[in-house]
Structures are given as structure tokens and as C-alpha cells.
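Novice: Shown below is the structure under consideration.
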Ligand code: HEM
Ligand code: HEM
Ligand code: SF4
Ligand code: SF4
Ligand code: SF4
Ligand code: SF4
Ligand code: SF4
Ligand code: SF4
């Protein structure tokens with residue numbers, strides 16, 4: 001078996017610098033937004049006592065979910081021994097860490113008291129799934145870091161075994177992580193829109209899709225930067241197959257999720273709201289997640305995904321999946337909160353505290369900037385990492 | 001010996017926090033100078049988490065005894081650099097967020113703390129201690 | 001008593017530190033560089049070479065290429081040290097400069113990072129046979145000295161606080177030649193004694209790498225031998 | 001936790017810094033006194049696990065158009081409208097409920113229900129949301145990071161996030177931007193042997209719609225009433241075991 | 001050490017790791033020493049013939065003088081923090097496991113003496129800072145281990161302070177020379193340069209005959225009368241090349257390559273019998289005087305022959321001296337045509353022609369070769385080609401790619417500025433050090449083995465006479481063919497289609513369509529006129 005050669009990014013195109021510059025600007029804007037929010041308080045955001053988690057959380061959860069999915073490519077090679085994916089294993093690890101960091105940065109900067117980050121890291125309530133998640137996140141970074149190390153260290157990487165073991169462990173960890181993230185919502189018994197165990201499964205399926213989309217996008221961008229194809233035609237076909245598979249899985253689980261809920265009388269009301277009467281949320285679901293995010297790219301991949309157009313099809317489908325992902329999170333997180341808590345089921349209620357009313361939410365510019373800057377941070381970290389260490393595969397002969 | 005600052009010499013090199021109400025603080029000045037943050041933090045947890053109230057190291061208590069009157073005769077808030085706490089904190093570049101939540105001026109209600117300090121025996125001991133250390 | 005002792009000690013230590021370091025820097029600056037010896041590939045302009053040195057000083061670029069572990073802990077140690085020293089500026093300036101005041105909370109974490117990284121560096125020196133072979137006693141001692149300074153410092157921050165206000169008064173007093181009393185806390189006195197020791201040994205040991213790194217010809221020369229003739233001043237014949 | 005030792009350490013630090021033998025000798029006495037040796041014993045006693053404080057609210061007695069309890073709470077704790085209804089905190093609010101089929105309804109104040117199985121406590125990552133020994137659920141705002149997960153979890157919408165900077169707080173009721181707050185059952189008053197502001201205000205108004213007392217003490221007024229009249233708790237189906245009971249809803 | 005027996009690789013499923021860190025083998029190389037210089041060899045260079053009586057005093061004094069006159073040496077002795085970053089970077093350490101071959105340990109041999117005599121800490125508390133007196137044992141250690149450093153600067157690349165062990169071993173050899181403890185190989189050779197004009201001691205007459213022979217050979221092969229002129233006054237270019245090029249394979253093939261390229265360019269050129277040597281062993285022994293004298297010969301020859309440009313042939317340290325020191329030592333060169341860099345490397349010259357599309361190269365002529373490139377240390381880490389940092393890596397590769405279809409790089413951690421020394425540089429290319437040379441070459445050989453196994457690489461090109469000579473000797477010891485080492489210009493020589501040659505005609509007859517094209521898209525002239533004017537004086 002030939003050894004796979006790797007490369008760092010060297011002599012950069014202006015395109016690369018432009019891209020980095022763009023991300024730096026977005027991150028600066030995001031930091032500015034965070035400072036602005038910290039100074040004035042969350043009153044300057046669209047969030048309220050009704051919608052307590054807003055746009056930042058949409059992006060953060062999206063990135064965290066994508067992070068665990070990004071590791072898939074590595075897992076294919078180390079856990080399932082699919083050698084074709086091996087050249088991308090390093091990249092997928094780096095991307096996973098970067099995406100997670102991007103997501104966590106948003107969460108931290110959105111806190112009411114970001115200055116107490118140290119409290120969050122030193123005081124734990126072990127009953128809290130959220131606290132568990134902090135462990136899961138930090139652990140994920142550590143495990144994937146170790147995984148990269150065993151893959152890249154000259155001496156350790158000579159044997160396959162460490163890569164196998166640590167890779168398997170990382171694979172296990174990523175499941176725990178997505179399950180944990182899904183459970184943040186799944187465990188909210190009071191919120192009719194969430195409480196369901198399928199939530200975690202849905203998050204896992206979604207993570208596969210978004211993680212792969214990010215991986216493919218980075219590979220395509222870097223193919224341009226290194227001036228040679230990092231994805232062979234063969235691999236392109238494989239990626240396309242995976243996309244179709246994952247997208248169908250997400251479609252299927254989404255359908256099961258909503259159908260079971262519709263079936264239960266308790267949840268019928270909230271489902272009717274979300275799927276039919278929810279205005280922007282209904283639109284985000286049908287138009288965003290299902291239409292643009294799943295059906296459209298599926299159609300493109302199935303109809304135009306082979307032959308001459310394969311490259312274009314994949315390049316268009318990947319961002320569409322990601323847009324769909326953001327829509328899905330918007331629908332889930334914000335739509336789920338918009339529907340009021342039922343303190344007195346069956347009764348019509350009102351109060352000065354907006355009981356019984358559908359909550360209104362419109363994200364303000366700062367919080368959107370903060371959210372988007374998380375994506376930029378993830379991309380910037382990836383770019384810098386690719387520059388510093390040989391994560392990208394290289395064609396053997398030049 | 002030179003355990004405490006020579007407050008007597010009006011040196012410009014060190015700050016001279018305004019004297020609090022009464023004869024002495026809830027613990028010896030030396031301890032307060034070094035450990036007030038830990039003492040308060042300890043009490044904070046006791047009060048908030050366990051419901052223990054009325055002990056000495058209450059923030060409301062400090063604020064009451066250490067109120068500094070401004071030019072208008074009213075106690076100044078932490079926003080004013082003459083505030084007792086700031087007289088040192090500015091000097092030592094310490095920033096505290098306590099007064100984002102806590103009132104930095106005494107309220108009208110009578111404070112809980114410091115009631116036990118009236119004892120003359122204690123005052124005598126403290127006076128001895130302070131006298132001996134100068 | 002300790003006030004007088006420490007006041008004298010710090011005057012002496014400061015004199016040795018400043019004098020010794022000044023002498024070494026002057027020596028480095030004065031010693032000729034007979035030939036062009038940049039390690040290539042090197043920047044071809046002076047500005048580029050300056051930037052190269054800055055990269056070495058700030059991100060330890062060569063060390064990163066060389067060994068990721070040493071880089072990681074070495075860099076953490078130095079950055080943390082820098083932050084701790086910035087935090088310490090509050091004892092010597094009045095009023096305290098705003099950035100220094102803002103950096104205060106960072107300094108505390110930096111203290112931990114510094115001590116942790118020093119510890120790892122020391123373990124490395126003890127555990128790896130290659131490192132043992134190249135280390136002499138002082139390589140261990142300097143790490144232990146810094147560890148001890150850090151440990152006593154952290155002790156003051158977290159276990160037995162000292163009277164910071166009085167301490168600052170002492171140092172401002174030293175600088176104004178108007179002595180103020182120094183609090184007699186054992187941790188503080190140890191911390192300060194160790195710091196004085198560090199200041200004394202600094203100009204005579206490998207700690208000279210700090211000023212020296214700016215003078216390393218293989219890093220600070222531009223690779224322009226063919227573009228501009230390099231003609232150093234003639235050698236001082238001995 | 002290291003804080004537990006800080007008083008001792010204070011003493012030790014003090015000892016260390018004392019050079020004179022005499023002061024060393026006297027020091028323990030000084031600190032002992034200073035720590036409030038003869039302060040009122042009742043006040044320094046910690047909350048007891050033997051009691052469980054609770055409320056019983058009679059919707060039938062709650063007057064139409066009355067908001068005395070809410071006003072009292074707001075006045076005592078300093079939360080009030082800043083003109084942003086969506087983000088203004090409300091520790092307690094009056095909910096009016098009507099059955100759409102029959103048109104019958106009621107209205108009653110709803111505040112934190114001080115759940116025994118509090119979801120807010122379960123989810124809080126830092127443990128800032130906690131339950132005191134006597135069943136009162138509080139936010140320790142010194143370690144609350146403002147993540148708002150507790151708000152997502154609370155089935156009663158009992159909590160508010162402080163969206164804006166606060167000034168001029170009451171000395172006894174610190175509150176500040178970026179943390180989450182809710183009804184404290186007037187814990188500081190209870191610790192001093194009093195009753196919550198809202199209970200007092202309702203009584204003063206002459207409605208007497210809220211009864212306060214120890215649910216664990218069968219001889220207490222509240223326990224007797226709960227034993228006698230049919231009462232319920234909001235969303236009892238969720239199993240939170242709230243400490244606030246309602247009748248006539 | 002048995003580590004170097006890497007031939008029976010078949011049994012191991014793993015690739016040999018060129019950078020594998022060996023376990024420490026204390027004193028493993030303590031016996032390796034070069035032959036000492038005889039009194040005659042010493043005298044020719046102005047050094048005492050045998051160990052002088054007050055050698056200790058003189059050595060310490062000389063050390064003081066060197067430190068006072070060389071900022072690099074001063075800081076390198078002071079500034080090392082024993083971080084250990086360099087410990088696994090020296091190929092001699094990788095190949096021998098002898099801890100004294102770790103660069104920092106090598107430096108420490110001198111540092112301990114420096115500390116003892118020149119620093120306060122070493123005078124007060126020698127045991128604390130590892131300071132030691134300069135005893136006979138220490139001196140012997142110096143002789144042993146400063147002759148196990150090929151001055152390749154690999155350690156300097158990785159040291160956070162750029163500490164260059166080469167500077168220290170040069171200083172050590174200079175000190176030893178001054179107390180009469182010279183090394184035979186270097187000092188004898190320098191003597192030959194002074195006496196005859198080149199390292200090999202090839203007298204002008206023999207040189208002339210050799211060149212004539214080569215001319216014949218080329219004409220026979222190509223049908224084109226390519227000239228190899230000697231001492232032709234008024235030629236445009238003076239070509240200085242290592243004397244090995246006149247003599248042995250594969251050097252000579254490279255020389256033929258230069259001749260063909262120069263012929264094809266149409267520029268007039270010449271060798272000089274006075275400066276028939278590009279190499280400058282004065283650098284290896286750290287002797288500025290000797291280095292200056294050798295360099296001066298080139299300046300004199302250029303002036304005498306009234307040339308306009310100086311071009312260097314393929315030789316690593318010669319290029320370092322030429323590129324970095326020549327102007328300082330023997331300049332200024334105002335009499336040359338300053339539109340061209342002084343000096344120029346033959347690779348730069350060839351590369352420019354390729355860029356301009358002036359060379360016809362038929363890559364298929366090298367189809368029997370699967371090639372890799374060994375970056376020679378002194379070119380890689382101590383000089384440059386072209387006008388971009390790193391041109392010394394790109395230009396030879398660009399030439400090779402233009403000349404052959406199958407090119408593969410070795411492990412990225414062993415090429416370019418990370419390149420591993422051939423094991424024979426720095427004045428160690430002598431038979432009595434064969435054991436050291438073999439072990440020192442083993443990391444490079446393992447890297448070669450990797451590409452040989454993976455990509456079927458058959459040949460390795462180099463641009464240094466010492467590398468080529470060393471590799472021809474050690475390749476067989478690692479199971480490779482002795483002929484696996486080639487000159488870069490040998491590849492050019494194979495591929496070049498001289499105008500009017502037999503090959504040219506064949507090609508023209510065959511067809512026009514697949515005509516060899518310049519490999520790289522033509523660019524504007526790269527050899528920009530150097531800014532001659534601002535030759536700078538430092539105060
Ligand atoms: C311009 C400022 C400085 C630069 C660029 C610098 C750079 C470095 C580098 C690159 C190393 C090697 C990596 C390592 O082992 O950590 C090192 C080591 C070290 N530095 Fe610095 N340094 C600076 C200032 C200082 C100062 C001010 C101190 C002490 C007060 C210091 C103490 C040390 C020590 C003790 C080591 C050895 C660590 C070991 O034993 O592994 N450095 N320095
Ligand atoms: C004359 C100079 C110095 C003085 C007066 C001084 C004083 C102090 C004091 C009072 C503290 C306790 C800080 C607190 O409680 O908040 C401290 C902490 C500390 N000191 Fe120093 N120190 C000096 C020099 C140094 C030096 C040179 C180093 C490092 C090499 C150092 C390292 C530390 C560390 C790591 C801490 C703990 C972290 C922190 O609180 O910042 N100190 N020092
Ligand atoms: S004070 Fe009493 S009557 Fe008035 S609203 Fe409150 S509970 Fe009802
Ligand atoms: S009502 Fe809400 S805030 Fe209060 S204890 Fe129950 S869950 Fe927590
Ligand atoms: S907002 Fe505060 S109290 Fe609520 S969960 Fe987060 S940290 Fe806990
Ligand atoms: S118990 Fe106290 S805090 Fe709670 S609602 Fe009543 S007055 Fe407000
Ligand atoms: S210069 Fe080369 S041979 Fe000499 S010590 Fe450094 S790496 Fe080894
Ligand atoms: S890398 Fe440089 S500083 Fe580190 S041990 Fe080697 S020579 Fe010394």
C-alpha cells in the first residue's frame with residue numbers, strides 16, 4: 001500500500017487571502033456585536049423572555065451538529081476500513097474541531113455573563129445535560145486532537161492499531177456528542193415541540209449530512225487553492241452517493257418524527273401550528289429545510305449528479321444542504337419556543353407576561369452577525385490549520 | 001514593627017481609605033486588608049445557598065459602615081472614585097462586579113450585621129492590638 | 001526590619017540586573033558580524049528580516065517547525081509569563097495604565113498556565129534521556145526557580161493573600177526613594193527574595209536568550225548578499 | 001471547596017502576620033467575636049430540611065382587577081417595567097384563564113412554583129439554579145452565566161432574564177444584567193421569620209387569597225387547608241411536585 | 001550500530017523512517033577521528049606544525065579573539081537554552097545515536113570551555129553551569145566531534161534562536177589549527193589550491209587535455225563542435241566549477257551539460273587555470289584568511305581574463321562562499337557587468353534559458369530514469385538562487401522537470417530547507433571517516449528507499465560535488481546502484497537537443513507535432529540586473 005502524502009498550504013492565491021480576510025472581517029463584526037450585546041444587555045437583540053434562545057443558538061447548534069458529522073469521513077477510514085476515505089481523515093478531524101470551536105464560541109459570547117466563562121468551566125452541575133455537553137465538547141476536541149496526533153505522528157502512525165483504536169473511540173464520542181446535543185432539546189419536557197426521543201436520532205442523521213457538506217465544500221475550495229483536484233472522480237461519485245443516502249435518512253426521520261407527534265393528541269396542536277399555521281416557521285420547514293435543503297439538492301444529485309456535471313452538482317448541492325440545515329435549526333429552536341407553554345391545557349389564557357400568545361421573534365443584526373461569525377471562525381481556523389500542518393492529501397507524483 | 005501601614009504619615013504613595021463607622025472593622029484591619037474578599041465570598045455562599053443571615057461579613061454591612069459622604073452630604077455610589085471600596089481598588093487595579101447588582105450605598109433599612117461588635121471587651125482588645133502594632 | 005532588608009536587596013538586584021543586562025546587550029551590539037550567514041530561505045529585504053525575528057519572538061516559528069510539544073509548552077510558558085509580568089505592572093505604576101488594569105483577570109489564569117507549562121518542561125528535561133544528557137544543573141535550577149516564584153505567587157493569590165496596597169506602597173516608595181513598610185507575609189517575602197535572585201542571575205545565564213534572540217545573525221540578516229555588498233567594519237585584531 | 005476554609009485561613013493569615021506574641025495569643029478571641037459571636041442566633045441558622053415552604057392560592061378569593069401581590073413583589077424587589085414588555089422581568093404575574101367551551105374561568109397569580117423536582121435545577125450547567133434545604137428554588141446569581149437553559153426548561157415560564165443594566169437596586173434585593181431571576185419566595189424575609197411580601201399584601205388588601213406555610217408540618221394552616229379542600233397544582237401531570245397549590249381553578 | 005543495515009527491508013512491512021530517533025549510544029563514535037595534518041600541510045596554511053607547548057593558553061586566547069569578533073559565535077555560546085529542539089535534527093546523531101552528535105551537545109563541548117574562561121557564572125560556579133577547563137581530554141573530544149559535523153546547518157533551521165552549530169565547529173577547527181592540531185584532508189587540499197589551483201591538484205596541462213577530450217566526446221555524440229575553452233581572455237563568462245567536474249563520474253556528465261547549455265546560449269565563456277576550483281575548504285576549517293585567499297583567486301582570474309560575468313558550477317559550499325561571501329572577501333566586483341548577479345549559478349543560467357524558451361529539451365531521453373532530487377545543504381540552507389526566497393529549491397526542480405517525465409520528491413520532512421545532509425560535507429569526505437559517512441548518510445538513504453519502494457525511483461540528482469562523490473561511495477552500501485546519483489546538468493545534457501545536432505535532425509525528420517516544448521510557461525527575464533550601485537559599506 002502506498003503511503004499517502006500530505007501537504008500544507010503554501011504559496012497562497014489572492015483568492016485564499018481574500019477568503020481569510022473576509023472571514024476575519026466577519027469575525028471582527030461578530031466580536032463587535034458580542035461587545036455591543038454585552039454592553040447594552042440582550043435587550044438589543046430580538047430575544048426576549050419568550051424566545052430565550054435566538055439566532056446565535058441556531059448557528060451554534062448547527063455548527064456543533066455539523067462538527068460531529070464532519071468526523072464521519074475519518075470514521076469511514078479508521079472504523080469501517082474504507083481506504084478510499086483515508087486521505088481525507090486528517091482534514092475531517094481538523095474540520096470537526098474547527099466547527100465545534102466555532103459553535104462554542106457563539107454560545108459563550110451569547111451568555112448573559114460571558115465574563116463568568118471560568119465559572120462555567122469550573123462549577124458543574126452533574127445532573128445537567130448541558131454540563132455533560134461541556135464535557136462532551138471539550139472531550140471531543142481532546143479525542144479528535146489525539147486522533148489527529150496518532151494519525152500524524154511519524155512514529156505512532158507507522159502502526160495502524162492506534163489509529164484504529166483512537167478512531168473508534170472518536171467515533172463513539174461523536175455519537176455521544178450529537179445525542180447529547182439532541183437531548184438538550186429532547187429533555188425539555190415542558191416544550192411540546194421538542195419532547196421526543198427521536199430528536200436525538202434526527203440530530204445524528206442531520207449531522208452526517210451537514211458534516212459531509214462542510215467537508216466536501218472545504219475540499220472543493222482547497223482543490224482550487226492547491227491547483228489540483230483533491231477529489232478524484234471516483235471519490236466524487238462516492239460522496240454523491242453518501243449525500244443521497246444521508247439526505248433520504250434525514251427526510252425519513254423527519255417524517256417519522258412529525259407523524260408520531262401528530263398521532264399523539266397532546267402534541268397535535270403544536271404540530272398543526274408548526275407545520276400549517278406557523279407563518280415564518282412553517283415556511284422555514286417546508287421551503288427551507290424540506291424544499292431547498294433536501295428535495296432540491298437531492299433532485300440535482302440524482303438527475304445531474306453523474307458524468308460531466310457531477311462536479312457542479314456536488315458543488316451546488318453541498319451549500320444547499322447547509323442552508324437547509326440552518327433552516328432546520330431555525331424551525332426547531334425558534335419555532336419550538338414561539339408556541340406558548342400550556343399551563344392550563346384546554347384553557348384560553350392571557351397575562352401581562354405573554355402567556356398563551358404566540359411569541360414574535362425577529363433576529364436583530366448583532367445576533368445574526370454573532371451567529372455568522374461562528375461559521376467564519378470555523379472556516380478561519382480550518383484555513384490556518386491547513387496552512388500550519390499537513391492535513392490535506394497531495395497527489396503523489398507531480 | 002511594621003505590620004500595618006503607617007497611616008499616620010500622610011504619604012501620597014499609598015491610599016488612605018476613609019475610616020468606617022465605629023471603632024474598628026468586623027475583623028482586625030490587617031485581616032480585612034488581606035482577606036475581605038474571601039471572607040465575603042464565604043459568607044455570600046452561606047447566605048445565598050444555606051440561608052444563613054446576619055453574620056458579620058455581609059456586603060450590605062460593609063456598605064453601611066463604610067458609606068462615604070459626598071459634597072451633597074449623601075453617600076456616594078461606586079461610580080464615584082471617593083467610594084470606600086474604590087479608594088483601594090483603583091490603586092490596586094482591582095475591578096469588582098459586585099455593585100452591578102448590589103446597592104453601593106446604604107439603604108434606609110437597618111443593617112443586620114455588626115450588631116455584635118458593640119462589646120467593650122472586644123473594643124479594648126482591638127485597641128490594644130492596634131496600639132501594639134504601630 | 002524586613003523593609004530595610006528588602007529595600008536594600010532590591011536596589012542591589014536591580015542594579016545588577018540593569019547593569020549586567022545593559023553590558024551584555026552593548027557587547028552583542030558592538031561585536032562585529034564578519035560575514036553574511038542568514039539561514040535560508042530567508043527574507044530578501046531588511047523589513048522581511050525584521051518581521052522574521054518578530055515571528056520568532058512572538059510565535060516561536062522555528063520551534064513550531066521543529067517540535068510541536070516543546071513549542072506548545074514553551075510558548076504557553078512564555079506567553080503566560082508575559083501576561084503575568086503585565087499584570088505585575090500594577091505594583092509599579094500609579095495610576096495604573098488602562099490596558100494593564102484590563103489584563104488583570106487574565107494574569108491569574110496565566111499564573112496557572114505558566115506554572116503548569118514550566119512543570120511539563122521540567123518533566124521533559126528529567127524524563128527524556130536526550131534532554132538529561134544536554135542539561136546541566138542550572139537548567140534544572142532555573143526551571144525550579146521560576147516554578148517556585150510562580151508557586152509562591154499563586155499561593156498569595158489563592159491561599160494567603162498579602163496586603164497588596166501596602167506592597168505597592170513599598171515599591172512605589174522604593175522608586176521614589178521614600179521607603180514605605182513592606183508587609184511581613186512569608187509567601188510574599190519568599191516570592192520577592194526569589195525574584196531578586198532571578199534578577200541577579202539573569203544577565204549571567206542562558207536567560208540571555210531573551211535579549212540575544214534579536215541579535216542572532218542567522219535570523220536577523222536579510223538574504224541580499226548579491227544585491228548589496230556586505231562589508232562589515234574591519235575586525236578588531238587581538 | 002476551598003471557600004469553606006476561608007475563615008480559618010483568615011485566622012491563619014492573621015496569625016502569620018502577627019509578630020508580637022501578645023497578639024498571637026489574643027487573636028483567636030478577636031476573630032471569634034468578629035465573626036459575629038453574639039449576633040442573633042435565629043438569623044444565623046441555616047435553612048432547615050425539615051420544613052418545606054409553600055403557598056396555597058385560592059383563585060376564588062383572588063379579586064378581579066387586583067394586583068396588590070404583584071405590586072408588592074415588584075416594589076420589594078425592584079423589578080419593574082422599563083417599557084420593553086417582551087423583555088421586562090416578571091417574578092409573578094396574574095394569569096386569566098377561560099374555558100373556550102363554557103366561558104367559565106378564573107384568574108390567579110403565578111410565580112415560581114418551587115418545584116421539588118425542579119427541571120430548572122436539573123438543567124442548569126453551573127448549579128446556579130439550586131434548591132435550598134427548605135425547598136425554595138433560587139438562582140445563585142453569583143454563578144449564573146446567563147445561558148437561559150433553565151428558562152427553556154421551566155414548565156411555568158416562571159423565570160425572567162435581565163436584559164438591561166439595572167441601577168439603584170434595593171440593598172436587600174440585588175439584581176443585575178445578564179442573569180436569570182425569579183420569585184425567591186422572599187427567602188430573606190422567611191429567614192428572618194417573616195412571610196412573603198405578596199402574602200402580606202393580599203392580606204392587607206383584605207383578600208387573603210394566598211396562604212404561606214410549611215407543607216411538611218401537618219399542624220400548619222396551609223397543610224390543614226390542603227388536606228381539607230380539594231386543591232391542585234398547575235401541570236401536576238409533569239411530575240414537578242410544585243410547592244404552590246391552587247384551589248378553585 | 002546495526003541500525004544502518006537497512007538492506008533487508010523486505011521482511012519488515014514498514015517503511016524505514018528517515019527521521020527515526022535512535023536510542024542514545026554513549027561514546028559510540030568516540031573513536032572516529034580524521035587523520036591529523038602533517039607539519040608540512042600545516043605550514044602551507046600558516047599554522048604551527050604540531051601541538052604547541054602553551055596550547056591551552058593559546059586556544060583560550062584564540063577563543064576569546066573569535067568571540068570578540070563574531071557576534072554569531074558570542075550569542076550562540078550564550079543563548080542556547082538547552083530546549084532540546086535540535087537534539088534529533090542532526091543526521092550524524094540519527095545515524096549514530098552518539099549523544100555528542102546532538103547539535104546542542106556538540107556546541108556544549110565548546111560552550112563549557114567558553115563558560116569556564118569567559119563568563120562570571122562559569123568562573124564562580126563551574127559545576128552549576130557545566131563549565132569545564134580546557135584539558136587534553138576536552139581537546140581530544142573537540143577533535144573527534146567537531147570532525148563529525150558536516151556544517152550542514154540543519155540544526156540551525158530548527159533552533160528557535162537560529163543557533164548554527166556549523167559556526168561553532170568552524171571556530172573549533174580554527175582554534176585547533178592555531179595550536180597545531182589540524183586535519184589532514186582539508187589542510188592538504190587547501191595547500192593544493194594554493195600551489196596548483198584546484199583541490200585535485202590537476203595541473204593546467206592536464207586540465208587542457210581533459211577538456212579537449214571532452215570536446216571530442218561531445219562532438220562524437222552530437223555532431224556539434226561544443227567548445228570547452230580554457231583561459232580565453234575576453235570571454236563573457238568565467239565558469240568556475242569544482243575540480244571534480246574535470247575528473248570523475250557523475251560530475252563530468254554535469255560538466256558536459258554546462259558546456260552544452262553555454263554553447264546553445266551562444267554566450268562566449270571560459271575556464272581559468274588559475275581559478276580552476278570553485279570549492280573553498282577555507283570555510284570548513286573556519287579560517288577567514290584561507291577562505292579569503294582561495295576566493296581571491298577567482299576575483300583575480302576574472303579580472304585577468306577580462307570577463308563580464310562569473311558563473312559557478314554545481315557545488316554546494318562553493319556556492320555558499322560564492323553567493324554570500326565572495327563579494328565581502330574578494331570584492332567589490334565593479335569591473336563585471338552588473339546587470340547580472342555576481343556570481344551566478346549555472347542552474348540560474350540554465351533556468352533562465354528554459355524560461356525564455358531558448359533550450360530544446362527532449363524529456364523522453366530520460367524516460368529510463370525515475371528521478372528524485374537531493375537538496376544539498378549549503379545550497380538549501382545557506383544561499384539562494386533566483387530572486388525569490390526558496391529559489392534554490394524551485395529552480396533545480398524546474399530544470400529537472402523540464403528534462404524528465406518522472407520526477408518524485410522524497411518525504412517532505414527531508415527535502416528543501418529540511419534536507420538531510422549526504423553525510424560527507426564540511427571536510428569529512430575522506431576515507432578514514434568512511435564509517436561516519438555511511439552512518440551519517442543513512443537518514444538520506446532511508447528517505448531514498450521510501451521513494452524507491454513507492455514510486456520506483458531509480459536515480460537521485462544533486463547539485464554538489466561533495467554530495468555526488470559521497471553518494472557514489474555510500475549508495476552501494478544501502479543496496480542502491482553506484483550510478484544512481486546524477487548531476488542536474490547530466491539530466492540536462494541527456495535531454496538537450498543542440499541546434500544542428502544529429503538528434504535535432506532526427507527530431508525534425510520525425511515530426512513537428514510532439515516537438516519538445518519548454519516545460520514552464522515563458523516568463524520575462526528573471527535574471528534582473530542586480531543593483532550594482534548600492535554596494536553597501538557598513539561603518
Ligand atoms: C524575547 C523574549 C523571549 C523569547 C523570544 C524567548 C524564547 C524562548 C524559546 C524559543 C525557548 C525554547 C523553548 C522552551 O523550551 O520553552 C525558551 C526557553 C526558555 N526561556 Fe525564553 N524567551 C524569552 C524570554 C524569556 C524570559 C524573560 C525568561 C525568564 C525570565 C525566559 C525563560 C526561559 C527558560 C527558563 C527557558 C528554558 C525552558 C526549558 O528549560 O525547557 N525566557 N525561550
Ligand atoms: C518585584 C517584583 C514582583 C513583585 C512585587 C511580585 C508580587 C506578587 C504578588 C503580590 C502576587 C500576588 C498577586 C495577587 O494576590 O493578586 C504575585 C503573584 C505572582 N507572581 Fe509575582 N511579583 C514580582 C515578580 C514576579 C516575577 C518576576 C514573576 C515571574 C517570573 C512572578 C510570578 C508571579 C506569579 C506566576 C504569580 C501568580 C499569578 C498572579 O497572581 O499573577 N512575580 N506576585
Ligand atoms: S393580592 Fe391577592 S387578590 Fe390581589 S391579585 Fe394577588 S392574590 Fe389576587
Ligand atoms: S417553577 Fe420553574 S423556575 Fe420554579 S422551580 Fe419550577 S421549574 Fe424551576
Ligand atoms: S441561566 Fe443561570 S440559572 Fe439558568 S441555567 Fe443558565 S446558569 Fe443556570
Ligand atoms: S414570594 Fe416574594 S418573590 Fe415570590 S412572588 Fe411573592 S413577593 Fe414575589
Ligand atoms: S551543522 Fe549539520 S552536521 Fe553539524 S551539528 Fe548541525 S545538523 Fe549536525
Ligand atoms: S535548539 Fe538551539 S537553543 Fe535549543 S538546545 Fe538546540 S541549540 Fe540550544
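Yeah, the Cβs are placed from backbone N, Cα and C, and that goes for glycine too.
TrEMBL labels come from automatic prediction, so no person has curated them.
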Novice: Please identify the range among C:6-26, C:27-47 that TrEMBL labels transmembrane segment.
Specialist: C:6-26
Novice: Of C:69-86, C:87-104, which span is tagged transmembrane segment by TrEMBL?
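Specialist: Per TrEMBL, the stretch marked transmembrane segment is C:69-86.
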Novice: Helix, strand, coil residue numbers for the domain 'NarG-like' (C:66-210) per DSSP?
Specialist: 119 helix, 0 strand, 26 coil
Novice: Is the transmembrane segment (C:143-167) packed against any residues at least 6 beyond its ends, judged by a Cβ distance under 8 Å, and which are they?
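Specialist: The answer is 81, 84, 91, 108, 111-112, 114-115, 118-119, 121-122, 125, 180-183, 185, 187-188, 190-191, 194-195, 197-198, 201.
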Novice: Please compute the mean pLDDT of the model over the domain 'NarG-like' (C:66-210).
Specialist: 93
